[in-house]
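For reference, the structure discussed in these notes is given below.
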Amino acid sequence: MVRAWYMDEEILFPKNEHHRIPPKFITLEELYQTSGVEYFQIDSESYERDGTLKQLIEERGNNVQQIVENPDEEQLKKHFTEHFHSDDEFRLALEGCGYFDIRDKYDEWIRIEVLPGDLLVIPAGCYHRFMLDNRDVYKGLRILKDTVYQAHARPSDGMNCRKEYIRKLYNGAFDEPREKIALA
């Protein structure tokens, strides 16, 4: 099961957990309310047949699937640069462990530990970054709307998708949890 917590400010060793002292964990509901990031549990061994994932892909139009596996140091440096995307991005952990760091509505970092079966939906315009844990083993599925993977590094606050995300964040769009996906 996924864990999420507010991070300390030190990032000299980004593969460490970076808990505050004392640690400040947050629930999935709090994560959604403060960032719009959604969480789903998917069977990582049979994700191709998972009804929840299929329904999310159909509803939101994210059809392009890319495997991300054991990124090298150059790729990790790129993934750890704070950025956002113009469309919602699905990230499903298949093997190993990684961390998605998400900016909340108060511009603080929340670290989300993802293990096999953890699916995050990161909203368009939400600043985030990714890092492996100290074991350096990770395989994940990235599901996008477009074949072109484009990250917009901070600051890119003038872009329409970022303005729309901020509007939703501060106008209560994420205050109530989304309806659960109904499986057929």
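Easy rule for this one: first residue shown is 1, then count along the chain.
Even glycines carry a Cβ here, placed using N, Cα and C.
Taken from TrEMBL, the feature Ni(2+) binding site covers His83, His85, Glu89, His128. Its Cβ taken as reference, His128 (Ni(2+) binding site) is surrounded by 24 other Cβ atoms within 10 Å in the chains shown. According to DSSP, His128 (Ni(2+) binding site) sits within a strand segment.
Summarising the annotation, TrEMBL assigns Fe(2+) binding site to His83, His85, Glu89, His128. Around His85 (Ni(2+) binding site), the C-beta neighbours below 8 angstroms that are at least 6 residues distant in the chain are Ile122, Ala124, Leu144, Tyr149, Gln150, Ala151, His152, Cys161.
Within 8 Å of the centroid defined by the CB atoms of His83, His85, Glu89, His128, the record's Ni(2+) site, lie the Cβ atoms of Phe84, Ile122, Cys126, Tyr127, Ala151, His152, excluding the listed residues themselves.
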